[in-house]
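A.B. asks: Below are the features I grabbed from Swiss-Prot:
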SIGNAL    1-23  signal peptide
DOMAIN    139-439  domain 'Peptidase S8'
ACT_SITE  Asp170  active site, charge relay system
ACT_SITE  His203  active site, charge relay system
SITE      Asn303  site 'Important for catalytic activity'
ACT_SITE  Ser382  active site, charge relay system
BINDING   Pro420, Ile423, Asp497, Tyr498  Ca(2+) 1 binding site
BINDING   Asp483, Leu484, Asp485, Thr501, Glu507  Ca(2+) 2 binding site
REGION    537-565  region 'Disordered'
Amino acid sequence: MKKFGAVVLALFLVGLMAGSVLAAPQKPAVRNVSQQKNYGLLTPGLFKKVQRMSWDQEVSTIIMFDNQADKEKAVEILDFLGAKIKYNYHIIPALAVKIKVKDLLIIAGLMDTGYFGNAQLSGVQFIQEDYVVKVAVETEGLDESAAQVMATNMWNLGYDGSGITIGIIDTGIDASHPDLQGKVIGWVDFVNGKTTPYDDNGHGTHVASIAAGTGAASNGKYKGMAPGAKLVGIKVLNGQGSGSISDIINGVDWAVQNKDKYGIKVINLSLGSSQSSDGTDSLSQAVNNAWDAGLVVVVAAGNSGPNKYTVGSPAAASKVITVGAVDKYDVITDFSSRGPTADNRLKPEVVAPGNWIIAARASGTSMGQPINDYYTAAPGTSMATPHVAGIAALLLQAHPSWTPDKVKTALIETADIVKPDEIADIAYGAGRVNAYKAAYYDNYAKLTFTGYVSNKGSQSHQFTISGAGFVTATLYWDNSGSDLDLYLYDPNGNQVDYSYTAYYGFEKVGYYNPTAGTWTIKVVSYSGSANYQVDVVSDGSLGQPSGGGSEPSPSPSPEPTVDEKTFTGTVHDYYDKSDTFTMTVNSGATKITGDLYFDTSYHDLDLYLYDPNQNLVDRSESSNSYEHVEYNNPAPGTWYFLVYAYDTYGYADYQLDAKVYYG
């Protein structure tokens, strides 16, 4: 309902501001086309179908009439014939009818019984089959997604996850599936207490095969990321795909207690709540503790996108690797949950393929869109997450001494840049994972800069680079109450990338095929002070200039300036539903933001941002947290913020902080 309401709001706002609403183009009148006489009133598809049926068989149809009056007259005749009327529609003059073939032929004018003669129901336009509609999707096989994340390159180097066990905390695993036979070496069922592996939903089997399936049922085509890894099934979700937090925590606890017994190094949780979390709940603490116990914990970001603040538990846990979903073209999916967390930390860390992934289908289940008896396609961050879990197994095989923190750092700092502007992002995180580059993390050239930046201050660092295909710089800092930004300048002093997410966690900039010379990174405090560290990584040669060097020195842009305004007001979900405020944007602006504060325990307010042409460019419709909107490189002109009362307990007071950034 909230999304529909937002659309209505957008149209209403344009009408108020522009003074008029354009009328929709007139649609051409529908012409009543006569059926070919050999089909009668049946569509060709229905005519063909009934030719293969006996007269006493029933067929499901949609009967379309010229008007509602003709439709209502037909009901009595259809009842007399014994036809079953499933739906009597109001939106169109039509009936959904299940009817015997012989009676269908009579009303279609294809059969003269002598009782009805050759008379037809009056006003019938046509009769069509009530056919089954399937979701039109573009699937991605594991052969495609493995290449997308460069797992295939790891296989070519001889790494397949052998010696590593992945715990799948989910609906179970169908261990009899050809792709998973001989792989499930441990099992526990906290739902039904069964001692033999099974999956009565299909979700867990699909996830398990993405992480470590052999692809045996497809001659290796749909092979998982770490086909040599072993699996442990930890069933905490029932046949409907749901489960209690207590069971999930117990599953995490069991994985930690049995990690040495089964060699568990990675656990995958393609599950979670849809409500925004600050990462302090019991399940988030449990997965953080599993991380501290030495397990790489990989968690699905959730499927509550595209709104901000939709990362729930346990995805909001601070230590785990939270994964969003992109399609085969590295475009973020609409459903992938967006950060930040409820306490304004950056999530997810990375993204991976998760849009209609073809993987193993558990026996007797129909989850997703079945491809055949052995495979089904399904979308979700649930599918993206085991890609990363499998990659983690590859990394740990290649680097047995790596800690969970090292795995996470390597994945973040080598993730491919797939978003055209800032990399560190509440949708994409650090980018799409690259297994091959992460595995070579220790072999790449690296520089680390550390320092301290005061409130509103900045620090710059220079490095030389040559022979590189890429360079990235990732900024970390120690004060969660501060907001640091990161800028990258080429040897000519041109700003080539920037990252200012406004959230605590990390900022990342990067550039492909960098020109040889002296480059500059600049750490800027938008607010607060902090100790920081910047990791520079490249496949070329890195160094630090001595005495300034002979390369031209970059001339970083001046400190960003901010035009700030604070608006206050009161709204009510019945009497005064919305307020509109304007903000002037001048040339050279780099970002416009709005933060809406109110008492979230009693009220649910939403925030919308419109450009000078009154196009909706960002929205924030969280149900249990403050609202934030932003837009990069805004055009000059008057911008509009709309505060909307979705649900209030009486009148709701609010404060809106609007900011325009320059420089």
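In case you wondered, yes, glycine gets a Cβ from its N, Cα and C as well.
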A.B. asks: Binding-site residues Asp483, Leu484, Asp485, Asp497, Tyr498, Glu507: which have a Cα within 10 Å of Ser382 (active site, charge relay system)?
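C.D. replies: Checking each Cα against Ser382 (active site, charge relay system), there are no hits.
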A.B. asks: If H, G and I count as helix, E and B as strand, and all else as coil, what does DSSP give for Ser382 (active site, charge relay system)?
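C.D. replies: In the DSSP reduction, Ser382 (active site, charge relay system) maps to helix.
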A.B. asks: When the Cα of Glu507 (Ca(2+) 2 binding site) is compared with the Cα of each of the recorded positions Asp170, His203, Asn303, which one is closest?
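C.D. replies: Its closest listed neighbour, by Cα, is Asn303.
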A.B. asks: Do any of His203, Asn303, Asp483, Asp497, Tyr498 (recorded positions) have a CA within 10 A of Asp170 (active site, charge relay system), and if so which?
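C.D. replies: Cα within 10 Å of Asp170 (active site, charge relay system): His203.
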A.B. asks: Taking the Cβ of Glu507 (Ca(2+) 2 binding site) as centre, how many other Cβ atoms lie within 10 Å?
C.D. replies: 28
A.B. asks: Asn303 (site 'Important for catalytic activity'): which of the binding-site residues Asp483, Leu484, Asp485, Asp497, Thr501 is the nearest Cα neighbour?
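C.D. replies: In terms of Cα distance, Asn303 (site 'Important for catalytic activity') lies closest to Thr501.
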A.B. asks: Tell me the Cβ neighbour count for Asp497 (Ca(2+) 1 binding site), meaning other Cβ atoms within 10 Å of its Cβ, over all protein chains shown.
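C.D. replies: Around Asp497 (Ca(2+) 1 binding site), other Cβ atoms within 10 Å: 21.
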A.B. asks: Once the DSSP letters are reduced so that anything not helix or strand counts as coil, what is His203 (active site, charge relay system)?
C.D. replies: helix
A.B. asks: Find the one among the recorded positions His203, Asp497, Tyr498 whose C-alpha lies closest to that of Asp485 (Ca(2+) 2 binding site).
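C.D. replies: Given the candidates His203, Asp497, Tyr498, the nearest one is Tyr498.
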